[in-house]
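Engineer: Could you have a look at this structure, given as structure tokens, before my questions?
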Amino acid sequence: MATLDGLPPLRDVVERFGLDAKKALGQNFLFDLNLTQKIARSAGPLEGVTVFEVGPGPGGLTRAILALGAKKVIAIERDPRALPALAEVETYYPGRLEVIEGDALKTDFAALAAEKAEGGPVKIIANLPYNVGTQLLINWLIPTDGKWPPFWESLTLMFQKEVGLRIVANEDDDHYGRLGVVAGWRTDAHMVFDVPPQAFSPPPKVTSTVVHLTPKASPLPCDVSKLERLTQAAFGQRRKMLRQSIKSLGGETLLAKADIDPQRRAETLSVEEFVRLANCL
Ligand code: SAM
């Protein structure tokens, strides 16, 4: 059967290289190249862009990113079984795919971007392994080099829908919490489209969603560690009034300093109010 890019169908690739999906590695593969192209397209134009991909697996999304004209894909994959399959893609797109065998959680993306993208634009696109997706997002939102705007121009990431809802949530929304505050503080985030379980092999239990995030050029100034301490305390007891939930951080006195009603609950505070409160810590 012919494919969009002339490479073998992904189902055949998985069979030929014995890539039976491992749950421990969060492996839910996408075989439909129309769908992977749709995901890659939601990252916007890719010409001249160095793309970082986490978990290329058999290469469905990688192939879409390359077909859409990315200058280069740097893919970090933990499962060595995927490397021979990806080597085929590399041969097909000479010089445009570099696969790094390793753990994305231990990867210094900022350093890698400085080395590989040579000052050019960088986008991150991934169908993330669900077990590490949220942590990776936080690592990209709070980069170790402390630089903002960060090394990336956009993040286009597949999450479980429930996580997507938490990322884009605003105040007074049931899904609003620590993730929504940090994402809303530093980025403009929106959900692009849902992907049903049956689009994956094997199908996960829940619907997934693609989230697109772009960095705010100048987020409100705030010390990340203070904001994290505050949101941890406030959302740790989200049903309680703030005077109670953040008592150990200063409670009523702190709230008065920031001119916030002590009877309010965490989920009613906007990102701007959280930042104001953190800045009073
Ligand atoms: N991109 C492929 C696709 O869309 O079909 C595979 C996506 S699958 C949801 C997640 C991939 O991430 C798997 O290939 C898995 O081996 C890889 N992976 C899991 N944990 C990882 C980690 N810590 N670092 C890098 N890759 C990881």
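The backbone N, Cα and C atoms fix where each Cβ goes, glycine too.
Heads up, here are the entries from TrEMBL:
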BINDING   N28, L30, G55, E77, D103, N127  S-adenosyl-L-methionine binding site
DOMAIN    35-217  domain 'Ribosomal RNA adenine methylase transferase N-terminal'
Engineer: The record names N28, L30, G55, E77, D103, N127 as the residues that bind S-adenosyl-L-methionine; what is their largest Cα to Cα distance in Å?
Structural biologist: 21
Engineer: In sequence order, what residues of the same chain, 6+ apart, have a Cβ less than 8 Å from the Cβ of N127 (S-adenosyl-L-methionine binding site)?
Structural biologist: N28, L30, I39, G55, G57, L61, M158
Engineer: Over the domain 'Ribosomal RNA adenine methylase transferase N-terminal' (35-217), what does the predicted model average in pLDDT?
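Structural biologist: Mean pLDDT across the domain 'Ribosomal RNA adenine methylase transferase N-terminal' (35-217) comes out at 96.
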Engineer: Here are the binding-site residues: E77, D103. Which has the lowest count of other Cβ atoms within 10 Å?
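Structural biologist: Minimum Cβ neighbour count within 10 Å, taken over the binding-site residues E77, D103, occurs at D103.
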Engineer: Could you tally the C-beta atoms, other than its own, that fall within 10 angstroms of the C-beta of N28 (S-adenosyl-L-methionine binding site)?
Structural biologist: 21
Engineer: Give the number of CB atoms, excluding that of L30 (S-adenosyl-L-methionine binding site) itself, located within 10 Å of its CB.
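Structural biologist: There are 21 such Cβ atoms around L30 (S-adenosyl-L-methionine binding site).
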Engineer: Suppose we draw a 10 Å sphere around the Cβ of G55 (S-adenosyl-L-methionine binding site). How many other Cβ atoms does it contain, all chains included?
Structural biologist: 24
